[in-house]
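Novice: Sharing a structure, written as C-alpha cells. Questions coming.
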Amino acid sequence: MYNIAVVGCGVVGITSALAIQNRVKKCTVTIYAHEVSPNTTTDIAGGLWEPYLLQETPEEKVAEWSKTTYDYLLRLWIQGKAGDAGICLQPVTTATDNENYQRPNWLDSTLGHTMMSEGDLMMLSKRYGTELVGGVTFMSFMWEGATLLPFLQKEFIDNGGNIVMKYIEDIEELSGYDVVVNCTGLGANKLMGDTNVKPIRGQIIKVRAPWIFHSFLIDSEKSGYVLGNKNFVILGGTRQHDDSTKVDDDDKNNILRNCSKLVPSIKSAEIIEHQVGLRPARNKVRLEAEIKRNGDNEVRIVHNYGHGGAGITLSVGCAEEAAKLVEQMLTEKYKSKL
Ligand SMILES: Cc1cc2nc3c(=O)[nH]c(=O)nc-3n(C[C@H](O)[C@H](O)[C@H](O)COP(=O)(O)OP(=O)(O)OC[C@H]3O[C@@H](n4cnc5c(N)ncnc54)[C@H](O)[C@@H]3O)c2cc1C
C-alpha cells in the first residue's frame with residue numbers, strides 16, 4: 001500500500017487528493033490542513049469558471065486544465081448532481097477595456113459563446129461608464145467554493161481518505177510518506193520559501209438576489225462583477241497587491257456602485273456578508289515534481305499551487321496532472337511495481 005500525503009484542503013488540495021485516489025491503485029491518502037471549509041480562500045470564491053489573473057502561466061496549459069474542469073462540471077450537471085455540488089450553468093458576459101483584447105482560446109471548451117458586437121460594447125460601456133473594447137457572452141458554470149468543498153470532502157472520506165488538522169512547519173515532517181503533494185496556496189510562500197507566491201486581495205459582498213440568472217464581469221481599472229450562485233450572489237471585487245484581510249469601506253462602496261451599474265436591481269438586494277480573501281498569485285502556476293534531499297532524508301514532492309484568481313477553474317485539470325506526477329514518482333521509487 002502506498003502512502004500519499006496532501007498538504008492543503010482548499011479546492012486544489014481536495015481535487016488533487018480525489019484524483020490520486022482515482023488514479024493510483026492501492027494507496028491511502030491523508031490530507032494535512034491548517035484550515036478546512038469554511039475557513040479557506042476557496043470558501044470565499046464565487047466560483048466562476050473563467051481563467052483569470054494567471055500571469056505567465058502558458059495559455060495552452062490554462063486551456064487544457066480549464067477544459068478538464070469544465071468537462072467534469074458538465075458531467076456532474078448531466079448526472080443530476082448540480083444541486084449537491086453547488087454548480088449552476090448560466091450565461092456569463094465578460095468585457096474589458098484592454099486594447100490588446102483577443103478572443104480567448106479557452107472559449108472553445110464551453111457549451112457556446114457569442115462575441116460582443118460594437119453595439120453591445122457601446123451599450124454596456126455607457127451603462128458602466130468605462131470604454132469597453134472587447135467581450136463575450138459564453139455558457140459557463142459557477143462552482144460555489146463554500147459548497148464544493150464539503151461535497152468533495154465527503155467523497156474523499158467515503159473513498160477511505162483521512163483529513164488531519166495540522167499546520168506543517170517543515171515539509172520534512174512528512175518524509176515518511178511515499179509522495180507529498182503540496183497544495184498550500186498562499187501558504188507555499190512560508191512552507192517552501194517561494195517568494196514568487198504573493199497575495200492579490202479580493203473584497204466581495206455576498207447578497208441575496210435570487211432573481212439573477214446571468215452573470216457579469218468587467219475587467220478594467222474599475223473592475224466589477226456580479227456572479228449568480230445557488231445560495232447567494234457575489235458582488236466584487238478588488239484585485240489589490242495587498243495582504244490586508246480587513247473589510248475596507250471605500251472598497252465596499254465602489255463594489256456596490258459598480259455592480260449596481262451592471263445590474264441595477266442590486267440596490268435592493270439584502271446584504272448577507274462582506275468578505276476579503278487573498279488569491280494565491282504566482283508568476284505562473286507551479287505544477288511539477290521535486291525531490292528534496294537533506295543528508296540521508298529525502299521527500300518526494302509534487303507541487304500544485306499558485307492558481308491566482310482561477311483556482312476553481314483550473315482545479316480538476318491540475319489535479320489530474322498532479323495525480324499523474326504522483327504515479328510517475330511512485331513508479332520511479334519502486335521501479336515499476338505499480
Ligand atoms: C474574492 C475572490 C474571488 C475569487 N473568485 C474566483 C472565481 O470566481 N473562480 C475561480 O476559479 N477562482 C476564484 N478565486 C480564486 C480561488 O479562490 C483560488 O485560486 C483558490 O481558492 C486557491 O485554492 P487553493 O486550494 O490553492 O488555496 P486555499 O483555498 O487557500 O487552500 C489552501 C489550503 O492549504 C492549507 N495550508 C496552507 N499552508 C499550510 C501548512 N503549512 N500546513 C498545513 N496546511 C496549510 C490551508 O489551511 C488550506 O487548507 C477567487 C479568490 C478570491 C479571493
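Each position is counted from 1, following the chain as shown.
In case you wondered, yes, glycine gets a Cβ from its N, Cα and C as well.
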Novice: Name the one residue among ARG127, ARG257, ARG279, ARG282 that TrEMBL lists for the same D-dopa site as TYR225, GLY309.
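Specialist: Candidate listed by TrEMBL for the same site: ARG279.
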Novice: Out of TYR225, ARG279, GLY309, which binding-site residues have CB atoms lying under 6 Å from ligand 1?
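Specialist: Checking each Cβ against ligand 1, the ones under 6 Å are ARG279, GLY309.
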Novice: Measuring Cα to Cα, tell me the gap between GLY311 (FAD binding site) and ARG279 (D-dopa binding site) in whole angstrom.
Specialist: 9
Novice: Which of the three DSSP-derived classes (helix, strand, coil) applies to GLY311 (FAD binding site)?
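Specialist: The three-state answer is helix.
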Novice: When a 10 Å sphere is centred on the Cβ of THR184 (FAD binding site), how many other Cβ atoms does it contain?
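Specialist: I count 30 other Cβ atoms within 10 Å of it.
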Novice: With Cβ-Cβ distance below 8 Å and at least 6 positions apart along the chain, what are the contacts of TYR225 (D-dopa binding site)? List them in sequence order.
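Specialist: The list for TYR225 (D-dopa binding site) reads GLY46, LEU48, SER215, PHE216, LEU217, ILE218, ILE234, LEU235, GLY236, GLY237, CYS259, LEU262, given in order along the sequence.
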